[in-house]
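For reference, TrEMBL has these:
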type: TRANSMEM; residues: 44-68; note: transmembrane segment
type: TRANSMEM; residues: 80-104; note: transmembrane segment
type: TRANSMEM; residues: 166-185; note: transmembrane segment
type: TRANSMEM; residues: 197-216; note: transmembrane segment
type: TRANSMEM; residues: 240-264; note: transmembrane segment
type: TRANSMEM; residues: 276-299; note: transmembrane segment
type: TRANSMEM; residues: 331-357; note: transmembrane segment
type: TRANSMEM; residues: 378-398; note: transmembrane segment
type: TRANSMEM; residues: 404-425; note: transmembrane segment
type: TRANSMEM; residues: 446-469; note: transmembrane segment
type: TRANSMEM; residues: 475-496; note: transmembrane segment
Amino acid sequence: MTKRSLSIASAGVQRRGSHADPSADAALARLGYASELPRNLSMLSVLGMSFAIMAVPFGLSTTMYITLTDGQSVTILWGWVLVSLISLSIAASLAEICAVYPTAGGVYYWSAMLSTPKYAPVASWVTGWLTLVGNWTVTLSINFSGGQLILSAITLWDEDFVPNQYQTILMFWAVMLVCMAVNIFGAKYLDLINKICIYWTASSVVIILITLLSMADTKRSGKFVFAHYDASQSGWPSGWAFFVGLLQAAYTLTGYGMVAAMCEEVQNPEREVPKAIVLSVAAAGVTGVIYLIPILFVLPDVQVLLDVANGQPIGLLFKTVTGSAGGGFGLLFLILGILFFAGVGALTAASRCTYAFARDGAIPGSRLWKRVDKRFDIPLWALVLSTAVDCLLGLIYFGSSAAFNSFTGVATICLSTSYGMPILISVLRGRKAVAHSSYSLGRFGYAINIAMIGWICLAVILFCMPVSLPVEAGTMNYASVVFAGFAAISLAWYFVRGRKDFKGPPVPQDAAPAEQITGLAAMDSNAGRNGDVEKKVLEQ
């Protein structure tokens, strides 16, 4: 386990181009970490990042084939409303915990803090790997579908064009490299980029809404939009197809918890980050309804959309409604703009998650991945690792044409279960740690937490299912295989090093869950596990 030396000097020095927040840095020091990243982000910026990662119009557009297969209008619209309410409840549960423990470790750190000292290392290990794989694969699925969407623009003019596997992978890699470059050379502009995302997304939804409704030659009936249900294409029993189709909404609304990784780059994180988590989900839910209803009113023949070669029918939908390739591309360009913000934001969060987990020695090669590059004030090597892992995982597409479905499934499963871990531990320990949270759920806390744990258990089963039956090797959902692969790596590394050396994040040796980490006793009890603590921090 690496030793940490915490000091007010390291916590309070203002870095190049950053804003100082001594109180937040001191609070972070009491949680066991030195502040190494500049606090340049505002609440609006974090909200924008969360909104960008969820990328509602983009996420719904790139996964539309799922709900067109598994129920159509009812699954698309009411599935979205249902999952939005569920996601809002999970976000509120996480915000309640985040207000108490605002660190870049996010759910990984919270699981350790909420557990007993005996089980804190294994709880944080499991949660950390789920979070890490979830962050990597949600970034992978965003940028992979983005590469597919860019190639689908060519078919607006050349309907016979079908991108092959090499073209798809190369385009995906290009999108990944652009996102990495922005994260490196545009790091100081991330605050501005995240804010622009909010306005771009809102404007795009309004423009698409007005354009589609005004230019459509024919419109569907209200009954079709709000009550039509047809799962005949899925091969699943009619009722079960609805639940399998919830992957579209669940995948789109998954990234909100990832922004907890930005806690150490925000001033007043215990107040601003929980607020951003909840508001972003609420805004995403409303945005989705506003975007989906016009789409359903002008929906062309469903079979024509499902027959699109690369599984990305939104460009064809825009072209059909506007009556021209240029008009279709104009609307598609707005969605591609959202892709840019989503890809950059997801990779930012993934790199911060990698950095936070590496500094506690939980990833092979942690000494390299935990380094903060002083030129750019970012965890550069964690960013490189996240990009490299995603680029390699994209090669699965050579073996399965349904690779994107696997990526979305494993991302949704990993992030959902990582969110569920601290909520479950909190419930098992009587919710004592969050009793005095500034974002407390109050008397409804138990009911909300338990219901969300039940949903997450169901989601794990649902999102390993293929979109339709029957399945072949090339169309199988390999989410469970990717999940098992990372589980094997995590287990192997645990026995190689984690079992002997990993102690989890710096938490008190023995504290009741209601106690916050303050004062000499808490820090001193942890010194033996996680390194030397300088007297200046203890005196502060």
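Glycine too: its Cβ is placed from the backbone N, Cα and C atoms.
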Checklist line | Selected stretch (most C-beta pairs under 8 A with the transmembrane segment (331-357)) from 166-185, 276-299, 404-425 | finding: 166-185
Note to self: At a Cβ cut-off of 8 Å, and with pairs 6 or more apart in sequence only, do we get at least 3 pairs between the transmembrane segment (378-398) and the transmembrane segment (44-68), yes or no?
What the structure shows: no
Checklist line | Recorded stretch, among 44-68, 166-185, 475-496, maximising Cβ pairs under 8 Å relative to the transmembrane segment (197-216) | finding: 44-68
Notebook entry, point to check: Looking at the transmembrane segment (475-496) and the transmembrane segment (404-425), are there 3+ C-beta pairs under 8 A, with each pair at least 6 apart in sequence?
Noted result: yes
Check: Of the stretches 166-185, 240-264, 276-299, 404-425, 446-469, which racks up the most C-beta pairs under 8 Å with the transmembrane segment (80-104)?
Finding: 240-264
Notebook entry, point to check: Which of 166-185, 276-299, 446-469 has the most Cβ pairs closer than 8 Å to the transmembrane segment (44-68)?
Noted result: 276-299
Margin query: With Cβ-Cβ distances below 8 Å as the criterion, list the same-chain residues six or more beyond the ends of the transmembrane segment (276-299) that contact it, or say none.
Written below: 43, 46-47, 50-51, 54, 56-57, 60, 73, 76-77, 80-81, 84-85, 87-88, 91-92, 94-95, 98, 201-202, 205, 208-209, 212-213, 216, 219-220, 224-225, 249, 252-253, 256-257, 259-260, 305, 317, 321, 439
